[in-house]
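Copied over from TrEMBL, here are the features:
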DOMAIN    59-120  domain 'Amino acid permease N-terminal'
REGION    103-132  region 'Disordered'
COMPBIAS  122-132  compositional bias 'Acidic residues'
DOMAIN    143-643  domain 'Amino acid permease/ SLC12A'
TRANSMEM  144-161  transmembrane segment
TRANSMEM  173-196  transmembrane segment
TRANSMEM  217-241  transmembrane segment
TRANSMEM  261-279  transmembrane segment
TRANSMEM  286-303  transmembrane segment
TRANSMEM  338-360  transmembrane segment
TRANSMEM  372-391  transmembrane segment
TRANSMEM  450-473  transmembrane segment
TRANSMEM  503-522  transmembrane segment
TRANSMEM  528-549  transmembrane segment
TRANSMEM  561-577  transmembrane segment
TRANSMEM  583-602  transmembrane segment
DOMAIN    652-781  domain 'SLC12A transporter C-terminal'
DOMAIN    832-1028  domain 'SLC12A transporter C-terminal'
Amino acid sequence: MFSIALKQMEELPVAPNEGISLSAFRSPFSVSGKEGCKYSFDGSSYHYSDGNSMTSQRSSQILTGFDTLDAAPNYDFYANTNAPGRARRTRPSLFQLHSKIEDDSFPPPLYEETSAHREAGDSSEEEAEEPLSEPTRFGWVKGVMIRCMLNIWGVILYLRLPWITAQAGIGMTWVIILLSSCITGITGLSTSAIATNGKVKGGGTYFLISRSLGPELGGSIGLIFAFANAVAVAMHTVGFAETVQSLMQSGTKMVDPTNDIRIIGVITVTCLLAISLAGMEWESKAQIVFFFVILVSFANYLVGTFMPATPQKQAKGFFMDIFVENFKPNYRGLEGSFFGMFSIFFPSATGILAGANISGDLKDPTVAIPRGTLMAIFWTTVSYIIIAGTIGGCVVRDASGGINDTLSNNNDCLGPACKYGWDFTACIKNTSCPFGLSNQYQTMSMVSGFAPLIAAGIFGATLSSALACLVSAPKVFQCLCKDNLYPLIGFFGKGFGKNDEPIRGYVLTYIIAICFILIAELNTIAPIISNFFLCSYALINFSCFHASITNSPGWRPSFRFYSKWLALLGAVVSVIIMFLLTWWAALIAIGIVIFLLGYVLYKKPSVNWGSSVQAGSYNMALSYCVGLNQVDEHIKNYRPQCLVLSGPPSCRPALVDFVGTFTKNLSLMMCANVVTPSPSALNASRNSSHVTWLNKRHIKSFYHGVVAKDLRTGVQMLLQGAGLGRVRPNVLMMGFKRDWRRDTSSSIESYIGIIHDAFDLQYGLCVLRMKEGLDTSRSAQIECPFKINKYSSLPVFIAVNPGFEASPKRDVNSYVVLVTVDPDPMVTEPQPFTVFQSKQGKKTIDVYWLFDDGGLTLLIPYLLKRKKRWARCKVRIFVGGDIQRKEEQKTDKFRLGFHDVEVLPDINARPQPEQYGSLFEDLIGPYRLNPDQKDCEDGQDNQNCPWMVSDEEIDRNKTKTLRQIRLNEVLQDYSRDAAIIVVTMPVGRRGQCPSALYMAWLETVSRDLRPPVLMVRGNQENVLTFYCQ
């Protein structure tokens, strides 16, 4: 794709003896360049219409009393999306505030168009006229606190808490409750901090973690958390089915106890699915009903604990004062241990994120999530402690249930019931007692004042928890699907209705729940999800800790009652408990997280959420860069850090590929672009499409663009200012100027001047020449000189690195239309293939180390050889000297692995006469200064024409000239079939070697060679050593 550009040579704002006025190089057009943006200037104010709104400076005039373009502060300027039914406003750009209105031939828009406007297009005007209906939103009580309390008051409360109290005793049960509450409480504080650090959208836990730690960990934990909630639906449904099955008389069973639970569970979860599909309003109403039913059942239970026990209840183990006897543990069975009980109880505390999981349905998530979550944790912890204390204080562990098992003259009576006149010794010895805390799950029904209300409470708790998980899992999964982090799940991201209900996610959760309901064993299902929830809690706490220690200015939670060290403690404790509960399940959960993390790292999704990982990476990079300044450089740690004069990287892909080959994962690479003055120069130099192109090509490189009046000035800026501390370039990599004989003499002087500047600044230098050339953009460049109207709306041409291009003389008063490659479309075009992207096979890397430059000529081939594409190549070292002293020329001490050393004894022999007499004279002829000529071709003296070559200078440099000609003959003889030729680059003395003569040397050395030629010259300082210190 091409962009047509206008350039007026005479109006370039470069004044003599003055710096460049950068304000003139900003594009006068809108950022998007779309036709939908309209603006007008009525002589006193700008007006801009983007299809969504019409804005002017009047709001600022009302606020300040002055007629100014500045806009008053407004929250709309900081919003990412439009509010329903209301047009969005944007602030004026800095360019509009800073530029002179009367100097602008093209009055630009007052407000720059944003991405939201671009996506909206022309249809946004119609959408603004018809406001969308407001979806259902909930406050902190109804949306978070009640929902969390219902999810925490699940099946464990009624069916397993009395049994856990019998196993662990009242004291250790309280420890289990408080430990669980500490973990969930710390997680609640961390959740509150994250939720109040900006506007929270739908997605719950996944949204909080992914926007804090990034898509890598957020995506993996989001998938696991959604799955854990789907399994929790099965857990709560099985608890409900167990209750119904126990209430059924033996004569009314359908098949057998296990299959009855499965049948009831499937029917129940199907009914819950119907409620969920009806919408959030119906689901919320159902939750309110369940909440009041549970409160009534609690009141009924507490009343029953104070009522005198009937003989029937006493026969089942109900007594009023056995708190001390049940305070100590009495573990039984395979699950009889502290952590066995903890693993069964902990899922009952995992409902703290039920409110956060529907964050998209809350009126104000930043207020509702902290307040509702912490209040729910507090009240449910109190209720658990009360129920564990009361049930353990009035029911024995073992009871027969027989009304006739009263105490007789039996001196061997066992159990605390003996002092109340009951003897359950027989069933205790036989371990056949059917009643008591250790044997009956329905103990709370027996203790309560009216047993059917406890059954109703069980129904309410189990169904509400199952319904909350059935709603949470699809909501979290829908947000994950919309982010497109994983393949094949986008189908489930589609929402329906005004609440954007994830109906497909509901069905998927329903299918997963049924699969686990078929297990029909509550104690088997509960530990499965414990590790998944603990893993989620660990990452939430770590997110809070990591965001705090990065000291990012963007971490500003309005919830202040959190501690980063407490969050870290919560994360560590969660991981430890994962392994203490079920070590193999913990390994599986962590393995799944690592697998999903690795997948996202490999795919590298194009999302940017400003995560704390990015902030942490910046902190680490900054710290390491500063730390490098405290240590002196050492030869062993030398790395060739390359400043590549690539221009737009997409224009010289071969040069970029070559440097990227030996710098990847090793050293710094920085692609540099010098942009000459034009109205769009600043935008072109900072164009992010260049970085996008590098990333798409898998080149690990920085990009740095500067605006300068000419190429050499820009390179001087880069040589002195590029890099940071010790992480700065030390090698200048550039392409060979193939068209130097057709170009102007001043461009040759500029090119050679860059080489001299690099040497002056102690840079190493590499010049790459390829037979087919390096600049791919020139094949797509056409020049069509013709006069056009001054006010034509054509975009302005950006001249890049003109020192490498031909610059034919033009009429400075004419306008030239250039068709040139645009970097933005280049990103989407197919990537060009270069020779450096293919495997080189068993070719040779020929290194002509003719002069000692410090070792850079050897180091670069060594780094190439380490890469897979060049690994099979054989490195041949060619040196000059006496063949009898070949052993002295070997490089074994440097441990480079180069064993094939060839001595060239005739390297200094005279070349063929025709080479010097005809070919070289043809190169240098146009730049010869005749003896009778006193002035340069432009009428200037010789000092102003340093490219001209006199006979004296030719004679003085004749030996070097003959050496370059002879070197080319040697290259032709030995290296015709090499993969690449690396040769020591000649150095011309400043002031004694004219630029045209130096250019002719480089041309002579590298001409007529099929392989790529890399001319290298180090800065004469050691980059290799054979010492170990």
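Note that Cβ sites are derived from N, Cα and C of the backbone, with glycine treated the same way.
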Tally of residues which DSSP labels helix, strand or coil - the domain 'SLC12A transporter C-terminal' (652-781): 55 helix, 26 strand, 49 coil
Confidence summary (mean pLDDT) of the domain 'SLC12A transporter C-terminal' (832-1028): 82
Beyond the flanks of the transmembrane segment (503-522) by at least 6 residues, Cβ under 8 Å: 155, 159-160, 226-227, 229-231, 233-235, 237-239, 241-242, 258-259, 261-262, 265-266, 269-270, 273, 276-277, 470, 473-475, 477-478, 481, 491-492, 494, 496, 528
Contacting positions for the transmembrane segment (217-241) when only residues 6+ beyond its ends and CB under 8 Å are counted: 154-156, 158-159, 203, 205-207, 209-211, 260-262, 264-265, 268-269, 272, 347, 350, 353, 357, 458-459, 462-463, 465-466, 469-470, 472-474, 476-477, 479-480, 483, 485-486, 508-509, 512-517, 519-522, 525-526, 528-529, 532-533, 535-536, 539, 589, 592-597, 600
Per Cβ pairs under 8 Å, the stretch of 144-161, 528-549, 561-577 packing most closely against the transmembrane segment (173-196): 561-577
For the transmembrane segment (528-549), distant same-chain residues with Cβ under 8 A (at least six beyond the ends): 183-184, 186-187, 189-191, 193-194, 197, 205, 208-209, 212-213, 217, 221, 224-225, 227-228, 231-232, 235, 343, 346-347, 350, 353, 516, 555, 562, 564-565, 567-572, 574-575, 577-578, 581-582, 585-586, 588-590, 593, 612-613, 615-616
Of 261-279, 338-360, 450-473, 583-602, whichever stretch has the most CB pairs under 8 A to the transmembrane segment (144-161): 338-360
Contact set, same chain, for the transmembrane segment (261-279): CB under 8 Å, 6 or more residues outside the stretch: 136, 233-234, 237-238, 240-242, 244-245, 254-255, 286, 463, 466-467, 470-471, 474, 497, 499, 501, 503, 506-507, 510, 513-514, 517-518, 520
